[in-house]
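Structure first, then comments.
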Amino acid sequence: MADEVIAVSSDWAKRAYVDDAKYKAMYEASTTDPAKFWEEHGKRIDWIKPYSPSAVRDVDYNGDVRIRWFHDGVLNVSANCIDRHLSHRGDQTAIIWEGDDPSKSKKISYRELHGEVCRMANALKELGVRKGDRVTIYLPMIPEAAYAMLACTRIGAIHSVVFGGFSPDSLANRLVDCDSNVVITADEGLRAGKHVPLKANCDEALKKAPGVKKVLVVKHTGGKVGWEAGRDVWWHEIAAKVPADCAPEPMGAEDPLFILYTSGSTGKPKGVLHTTGGYIVFASMTHQYVFDYHDGDVYWCTADVGWVTGHSYILYGPLANGATTLMFEGVPNYPDSSRFWQVIDKHQVNIFYTAPTAIRALMREGEAPVKKASRASLRLLGSVGEPINPEAWLWYHRVVGDSRCPIVDTWWQTETGGILITPLPGATALKPGSATRPFFGVQPVMVDAEGNELQGACTGNLCLVNSWPGQMRTVYGDHQRFIDTYFRTYPGKYFTGDGARRDEDGYYWITGRVDDVINVSGHRIGTAEVESALVANTKVAEAAVVGFPHDIKGQGIYAYVTLKAGEHSSEELRKELVAWVRKEIGPIATPDVIQWAPGLPKTRSGKIMRRILRKIAENDFSNLGDTSTLADPTVVDDLVKHRGK
Ligand code: PRX
């Protein structure tokens, strides 16, 4: 059956920045002469010292891998996100903050944002932070998270935002990895009325991260906190003392902007490093074109600033464009599952960008909670983080968008800095479940397992040739890992780790990770991380973790656990191990299933056969393949017989 196609409406084609003909012309220009294309589009940003035409693009995916954009230009990101708007939109709302508690919200104008960011920048300077220092941000979704990030960029410090749902151990590892000596946190976060003990977590983490000398603490809930005099500083106290003006630091285009840790298929999370010039050009350009952002629009991305989506599409892209961006502290189903739609009405949101997992969870609640709100302000919907199944896409389109709002299904990664494959609302006919076509300058190629490039309609692994300005530059402190992870599998190409299908119209359908990364509710979790958390428990001898299809989360976490001799499986121990992983990594890594495994299927050389474990977790026993090469083929029968629920 042919895929359903939803054509671009003539209204959209007329009002949008780009219609189909313009998309094709711009795309063509962006790939035939990328340096010329980006030389022109780099000008959307204010440069203290403009880049020279010869410095626009300097890229080599071979050898040591070198990626530089606009490299002799000088700029400041916070000045681009704030100062340049002050003369003509100082009083416009920059950030609408909507609290977890529906009675709490506030609006921060660009002028107010300037004052707060300057104060936070001065506070950081007082605490000893200098250009190039790493500052870790462990905050809930409150305006101070935006102030903190922008304050770092103002003084040239490199921020590393750690999602507030991560455990003290995860925070400690990230602090140590980038040798951060200042943390910005809050007393507590709030989620669906529950208090999250951020300061207490931070205190716990600092026992393992002795390099941290100062902790700047935002008073948010007023909850009780421990205090270490000399180290801990209240934000409101220091803010009252420092000036509300701070000159932006001139930064080289290739100076580091931020580190963001993300899970890979092996070992500990990697510090993805983004630099200044290319990132902000790409974040702002994609935000404008993909969401067709026009002055006066109210834009809402429901991500957390702890993830790249929050960096690029709550903060940097929108603010660089002088947008009004909504920042939401809460969750979709609190106080009830009408919350998103109520917030849309309350703040007259025009553009709404969320994740498939949220859509699936809300879809389960039926149409009534959606229909309780008018949603008349909505014009465009977006999706990100994982493949969206056509059923959820169609529901989002019909019920949430009343069949009048296009959906931009945006494919990208922490590493890519911004959206790479996506519809443009005035240009691209939509197919439910497809991320459609590449953004300007992006050249996807499909390869088979041997690395042969595939032509036309095909299924394979998704790679990218030809850099784009928002691409990550290195793994912080480990350039070799950067080369090995992304450029070794298919030499000369950036390998995304995703599988995809390309159809006869050249549309891309991302099918999901082909490496040992699980995508749980749009969050990336390395199987190796969960395995090492499990084996850190003294009762566990061995563990193997795989993903399996999950109705709401997209993928769930399935763990096979072999206990040490003398230990006995029980429901109690299962609960203990689940709690253990939550404590070691954080609630996002909660195993959905733990299956006791007397043995794991291994080759004679000791390699765990994950393919077989994946099949069993998927409840697909039909095609376990050849098990005769296993050291002990009988373990498979046992695992099949006792498959977990
Ligand atoms: O597998 C792809 C999936 O999420 C991965 C990137 O995860 P992360 O770095 O955490 O960034 C998430 C937000 C950009 C990708 O390798 N992914 C992301 N967006 C989509 C997607 N899969 C299918 N469709 C998407 N729109």
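Glycine too: its Cβ is placed from the backbone N, Cα and C atoms.
When TrEMBL records Gly385, Glu386, Pro387, Asp409, Thr410, Trp411, Trp412, Gln413, Thr414, Asp498, Arg513 as binding ATP, the matching candidate from Arg364, Arg398, Arg481, Arg524 it lists for that site is Arg524. When secondary structure is read from DSSP and collapsed to three states, Lys607 (N6-acetyllysine) falls in the coil class. Comparing Pro387 (ATP binding site) with Lys607 (N6-acetyllysine), their Cα atoms are 30 Å apart once rounded. Separation of the C-alpha atoms of Thr309 (CoA binding site) and Trp412 (ATP binding site): 9 Å, rounded to the nearest whole number. The Cβ of Asn333 has fewer other Cβ atoms within 10 Å than any other of the binding-site residues Thr309, Asn333, Thr410, Thr414. Counted with DSSP, the domain 'Acetyl-coenzyme A synthetase N-terminal' (23-81) comes out as 29 helix, 11 strand, 19 coil. It is Gly193, among the binding-site residues Gly193, Gly385, Pro387, whose Cβ has the fewest other Cβ atoms within 10 Å in the structure shown. Checked against Val535 (Mg(2+) binding site), the binding-site residues Gly385, Thr414, Arg513 differ in C-alpha distance, with Arg513 being the nearest. A straight line from the CA of Arg191 (CoA binding site) to the CA of Thr414 (ATP binding site) spans 24 Å.
Each of the binding-site residues Ala192, Val535, Val540 was ranked by the number of other C-beta atoms within 10 Å, and first place falls to Val540.
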